[in-house]
């Protein structure tokens, strides 16, 4: 599963750290005073330290990280609701796992290199091959059906730079061992549940569905051998973006006639199931598959989100049946997510035939969409409950005790660790953190074994006995 | 901050996927039927697909992943309780960020390579340099003090293989902008809070503390220039593991006399603060620093966990003051975590002088320790509440509706997607998943608009009306 289109969105989607734009900002600094151990002398080296993350990658400052965690939590919650188990694999895999010869972008733009042990390795461009490897490693030890999800960081490398990102995070949901469209529909339902959970409606997002069997049946009718199926699908996917002339070379490489492609594209512009039925006939497996999927979507009550679209084929070679793609109804953004059925993938690795379906859902386009629809929560607040502050160095030990008590009662507490800070600074600091309370230990309060607590929301101040701090924490929870 | 020792633990700590042992298991399979797009013919390629993850890396199967998530959640909870904000940086960084010339293991074992754009990059061996880069990129825009945490995956590469892992996850906690030991003590307190949260006591774990000022003051007294400080500390750290003769070469490279090292090691065997006071004098800054830290630890009520140990120096060049190391009291395992103060790191990158302290806490040794002490929870259950199952193909639509209702009420639901499964299989499946209930839609129940629900814990079966499923979910929560 991959939605690699979604990597290539604006650089400032989740990150907001690079001063804008798609390129590198030259915020270089000097690496002074480097110690040379050979002679123990200081060398005035002028190595420049680039403070930007590597080209095409992101830093996650706390606010960006809160957004990322929020998004991942939404994904995790939906996956769990549907009974999926989380897994992970190394971000670095053997290159051989990803090299397929079907002209896919995902394999052409591999972030691969030779490591120090002369191994050909790659930063994963997608998660599905790792999943296949993991399942095969257990040699049948994993009971099917398997319903697994993961949120891997995926990488790609292009020589030509168009300000596109080289990494993204991608929610993957996969069902293995179920041949019927029931699995595809369950995946579509999970995807819609996520969209709803973040406040999107079927007016914002649609999911185009199709089956590669449509192409398969047309090719069979035209007498094109089955081996050309995967590469043809990748080619047809490219036709969405570039004119036929531009991929003349690819055509010849596959050994396909121009007329075949023209015939294919003609079928793929048919925009209704009935229209496809007219072309492929009542008994067409493709038609039955799509019809069955549509019926299931009705039962899931997600039919408002689903659109049959014969032109959707997705750009990965391994899809075999149902394919789908979530899209922005406004038509402004790239594909939000994509997936489908890939019943033959495990066989290509030498494994047993295993029906499989899944999707990949990138972290970039969805955030753009949520921003555009004003559905993104604010991540400005750090979530700190109370800033604890001693009004003098001799009171610092008491501040430690107060912070400890509040933490033990379950609060998120920022203890002011500097002994020389003024109240004015502390309140400004608390405000910047988005804290709810400031707990002040002054000498008067100390003598009375009390803490002065200021509620930053309503400005009210109260004095709480040291012994009653945990009660105060409980009471303040009730108020919220 | 790094605890790179902790990478080098048994391969089967968190993973349990590779059939045991530190080496590669040769579970290779054949990549048959590879399609060659050049001529469109099937080639009988015999490329072997290795189903193992790359050497020294781990797969996380669902059970491993639940353990990992549990550990990360514990770390996150503690970090949040202490008011720390999470951040992240790319796993791939410019190599220049990590190359220091002090003979550290962490920089000698860099997992670096040249990318396709001829850039020298590396998979990060530690997180602190990325943190420095991120802070500098904001050019003073990040208000201090900063309290940030992260859980990065860190990498290393050794040519010589000793079955050691090449990656680990590492909890990092850092405080920037606070010069006093109050920051170091806050970090130690957070670490202890974590230990307590997972059930460990000060009988299981101790934390050795020291200050590099001790070495600094001895070197100054011996007339050794300040520039040799960092490399000397790295060397002294190595003395913990290898005899002096073995690092004769390193000694000469730094330009240190053997007698200096002998004098140093003598001081470092002093096992009490009073003993150090005798050597360095009452007014020694090192002594005052350590004494102050010890007093703070008493206030935090963590003094049972803390041991002064002058021999602890840690292996990273950039530490300047307090250093500490959590260890297994039984003396069996390697260091559990380590950290300290690194007030000059930002300057070496060309930034402003900024006091800083932090620690790194690897995911390997702690899991070994928890296993050894029988404190690790079971991660066998998938957390599924209810398996929903239609007793016939014509009832499948109702199963979808039931699953949807239960999910909307907050349950984790596994819907049986195959229409041909028998009850016997379903109950075995539910048992394997560790599910609590099986909801069966049979024809009789269907006619009465009911669902038969079997409680797998007590074996009781009840019939619930379709309309009352969400009420049943609420009621079943109360029972638990």
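Including glycine, each Cβ sits where the backbone N, Cα and C put it.
Automated prediction, rather than curation, is the source of TrEMBL annotations.
Together with B:126, B:127, B:128, B:170, B:174, B:314, B:318, B:319, TrEMBL lists one candidate of B:156, B:159, B:329 for binding L-histidine, that being B:156. Among the residue ranges B:1-57, B:58-114, the one that TrEMBL annotates as region 'Disordered' is B:1-57. Cβ neighbour count for residue B:319 (L-histidine binding site) (all protein chains, 10 Å cutoff from its Cβ): 28.
Within 10 Å of the C-beta of residue B:170 (L-histidine binding site) there are 27 other C-beta atoms, taking all protein chains into account. The Cβ of residue B:126 (L-histidine binding site) has 25 neighbouring Cβ atoms from other residues within 10 Å, across all protein chains displayed. When Cβ atoms from all protein chains are considered, those within 10 Å of residue B:314 (L-histidine binding site) total 27, not counting its own. Other C-beta atoms found within 10 angstroms of the C-beta of residue B:128 (L-histidine binding site) number 23, with every protein chain shown included.
Among the record's L-histidine binders, B:126, B:127, B:128, B:156, B:170, B:174, B:314, B:318, B:319, no two C-alpha atoms are more than 22 Å apart, and one pair sits at exactly that spread. This prediction places the mean pLDDT of the domain 'Aminoacyl-transfer RNA synthetases class-II family profile' (B:56-377) at 93.
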